[in-house]
Amino acid sequence: MKVKEEKAGVGKLDHTNHRRRFPDQKECPPIHIGLPVPTYPQRKTDQKGHLSGLQKVHWGLRPDQPQQELTGPGSGASSQDSSMDLISRTRSPAAEQLQDILGEEDEAPNPTLFTEMDTLQHDGDQMEWKESARWIKFEEKVEEGGERWSKPHVSTLSLHSLFELRTCLQTGTVLLDLDSGSLPQIIDDVIEKQIEDGLLRPELRERVSYVLLRRHRHQTKKPIHRSLADIGKSVSTTNRSPARSPGAGPSLHHSTEDLRMRQSANYGRLCHAQSRSMNDISLTPNTDQRKNKFMKKIPKDSEASNVLVGEVDFLDQPFIAFVRLIQSAMLGGVTEVPVPTRFLFILLGPSGRAKSYNEIGRAIATLMVDDLFSDVAYKARNREDLIAGIDEFLDEVIVLPPGEWDPNIRIEPPKKVPSADKRKSVFSLAELGQMNGSVGGGGGAPGGGNGGGGGGGSGGGAGSGGAGGTSSGDDGEMPAMHEIGEELIWTGRFFGGLCLDIKRKLPWFPSDFYDGFHIQSISAILFIYLGCITNAITFGGLLGDATDNYQGVMESFLGTAMAGSLFCLFSGQPLIILSSTGPILIFEKLLFDFSKGNGLDYMEFRLWIGLHSAVQCLILVATDASFIIKYITRFTEEGFSTLISFIFIYDAIKKMIGAFKYYPINMDFKPNFITTYKCECVAPDTVNTTVFNASAPLAPDTNASLYNLLNLTALDWSLLSKKECLSYGGRLLGNSCKFIPDLALMSFILFFGTYSMTLTLKKFKFSRYFPTKVRALVADFSIVFSILMFCGIDACFGLETPKLHVPSVIKPTRPDRGWFVAPFGKNPWWVYPASILPALLVTILIFMDQQITAVIVNRKENKLKKAAGYHLDLFWVGILMALCSFMGLPWYVAATVISIAHIDSLKMETETSAPGEQPQFLGVREQRVTGIIVFILTGISVFLAPILKCIPLPVLYGVFLYMGVASLNGIQMGTGGSEFKIQKKLTPFWERCKLFLMPAKHQPDHAFLRHVPLRRIHLFTLVQILCLAVLWILKSTVAAIIFPVMILGLIIVRRLLDFIFSQHDLAWIDNILPEKEKKETDKKRKRKKGAHEDCDEEPQFPPPSVIKIPMESVQSDPQNGIHCIARKRSSSWSYSL
């Protein structure tokens, strides 16, 4: 058996050592202590009092260092030199020790720890261990009634319990890498070590072993109907529980006295073998453990940490042990769930201090689930490593004043838990302990003697010195710089960026397919498919109106299917969805009007513009022109994304208003005059054989055409429908011909109902109803459920609401054009070179639209693991543009709104999360399968016409509205699990717009509001709103032809903002431009270098693991330079004590 044995370092538990620690001397250095002591030197009776009943130790004192070296009166000058050496160190010994322990970052992460605390319960002459609390991330307690678990909550610990825990680890038995596989063997080894160190009398071996091997009763689900005997037994157990309130003291005393009398003989007769035979713990997990549903909350490959605390009457001093097994082992029924145990903490103490023992147990249990301390516990080499871990934990502790907070209030788990990476990587005192939400705090403000030195009354004075630190607005930590990936580095080689994109994406190509085989992909396919066909039909119809059906719905369907599937198959970022966009539609309309007004053939002219634009895109790819995207900051992203979102919202509402115009409501309807309302078809005044639509049928079930009729006089005009009447030249006569109130109102119900239901189902994921998987399923398929619901409602009412029109035959919309556009023959020769100029405008539009969307998709907060491919994406957009121009299909570019929706539908979260912990955002399921299937389904949708024609158009308008609103909120992405360091620089446009309507006291606690004046934030937002208004006006007027140039102008406007705002302000509300980043980085490097030189010349910080409380008033010329340190210290200890 290989055991790393640790000496206790301190003898038996008595209080004489404690009294010797405070020698009577008038002028002495500050005393190094481990428990809070009175600040005033005149109250020496308190210094000699009984503090905890546990052994007190010196903080900052190593076991191999004599006590007199720091506190003895005869230490002399060497003591002062030693103190100055400690003070001059800018990092604490605990920090250096932890850096040595956790220095290797390339090691595999340690398993997640499930911690369970059991308390010893007495019931007459019987004893058992009862589960009282458990931890994965947050604490869950067994409620007083014992029937249920409490809600997960943040553990609130008393500072005293942490100090006593530190003492326990210093004085108790610590066994690291113990090679034992069962609980009896572990207990034997622990007891043997205690006897060997003189911490336990040999005659108590069997008694301690008997107690530790009692049965463990876990909090399991009990039946609703229980017998009266069971209820009475539980009540009596509750009354006699040693962990209850002080009012239960007498019954506890009687039970323990009775237990002593009944079992004293048994304890004396037990031998080693008998103690093993009296083991009540099963060696293998029982059925209840295996069927425990709580296992779903525990991550895979987790290990357990068991905490056993209790009081017994035969011990005079506490029995303390901390054990780490060399290999985790199943200890049978010790743990609630079948998880192997790696750590064991035992605390048995004399009777009368059950509450103190429970608090110590809660303290060690909370520490074991702390990310940093758990790593220390796994890698600790000796006792001092564990104590250093506690010291670091205390560095981060925040104390709540007892008069301002009720400790009985359970703190709800935060929605976002700060990462422990910063604590693991940074142990410098200058970057520790950001209190009360201060971000990037600098050093503490110069405090007085009371504030910095802690000479004030109770802890509050100590906190004032460090809390009033200098804001990071002056010289403190700035938000993360605008990171530019290697994809946007200018190579200087011909097609250099494209070649690098291909090299980066080629290794990921196979995984792009098998990563898509997941049930989440099904919901994403259905969602994006409905959005794509809605977009194709809507923009196809608008293109047909704008180009006299040279491009219609059929061309839109086929072009979307062909361009989208090829792009998803070969592009650099397959999560981007290609579609027709509003800017492209505007340009197409202007181009058709120009061609028609100048007698040019529209399709041929468009072909040459498309070819020139494709060549220009390839030139941009060859010269690595995409590197200018690094100048696209959040200012440009927010402006462009907001504009596209507004276009979606505007078009959806405009379509709905159009339904009210086409199916108007009779506002003057009077029920009393209902008999006067009628509408009939009247024959035209002059009837001849000239028909308006010769192929139209006479009636819905009549196939005969009007060519078979000799004249129209034989028609019964009153039997014709509205459409037929108008087609044949008839007139509608009556006062109710224009009013169809049911269709307009029903269309609005379908429109708003689809939007509202989709939004509600999306939010249902964060509700408290139903299990997590059910809520996730409902949220993923919210669009599908909403469409099916309101299609069913429409079918039930049977109203003739406008339905989706899908062509059922694959042929061009105009019969006078084919599927190939000839490049020559219809326009003058000068048109071919002259088309370069409009092609340049198209190229600017394509480049900006494509690359801004790519920047939004490739944001760092989306946590994409596979490389982006800006050059490769633009290459394929150019190729597809030339192909679509030859076939007479619409041009396609990245659709911002649908791409954001695609990202949102493929987000991944942790499958298991600790109770009370929000699911962590893991990233996006990066693959090509969903996009390819979506566009294939779009192409074959022409064969699904019988099904798709049942979908009402108002339902699709509701989907459009949801996509616009969701993308408007999607601009604020980064709230779902991204690191706090990223959150500091996120300044959503919409959130800043809301600040105009909020009083300062009600404004959210955004990080940028702490560092940038509100008037500067408002000015920045007004500039964005002005740019957005200019873009909207240009889009809606005849000046829309320069719309692409104005999008490029957003980058110029952002460049000019450098002359209005400081780089500090822009770093918090936007991003710093690349050349400015370099200057800021150089300045920061110089500042750090200067600060480092200053630290070498003058000490800045004391070690945080040493508490210095001067026992005499601080004089104007203090010894050892303590006064200077008190004014400069910014250690987190000044906040805590």
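Just so you know, the numbers here start at 1 and follow the chain as drawn.
Including glycine, each Cβ sits where the backbone N, Cα and C put it.
Going by the topological domain names that Swiss-Prot assigns, Thr1037 and Phe1059 belong to different sides of the membrane. Ranked by Cβ pairs under 8 Å to the transmembrane segment (889-908), the stretches 743-762, 774-795, 829-847, 929-948, 954-971 are led by 954-971.
Count of Cβ pairs under 8 Å against the transmembrane segment (929-948): among 556-587, 743-762, 867-883, 954-971, the largest is for 556-587. Ranked by the number of CB pairs under 8 Å to the transmembrane segment (743-762), the listed stretches 522-544, 556-587, 607-628, 954-971 are led by 954-971. Taking pairs at least six residues apart, the transmembrane segment (954-971) and the transmembrane segment (522-544) share three or more Cβ pairs below 8 Å and count as touching. Scored on C-beta pairs under 8 angstroms, the neighbour of the transmembrane segment (774-795) with the top count among 522-544, 556-587, 829-847, 867-883 is 522-544. Here the topological domain 'Cytoplasmic' (848-866) returns a mean pLDDT of 81 for the predicted model. Mapped onto DSSP classes, the topological domain 'Extracellular' (884-888) shows 4 helix, 0 strand, 1 coil. Each residue in the topological domain 'Cytoplasmic' (848-866) gets a DSSP state, and the totals come to 13 helix, 0 strand, 6 coil. For the topological domain 'Extracellular' (884-888), the list of distant contacts is 550-551, 555, 559, 562-563, 603, 606-607, 609-611, 614, 812, 817-821: same-chain residues at least six beyond its ends, Cβ to Cβ under 8 Å.
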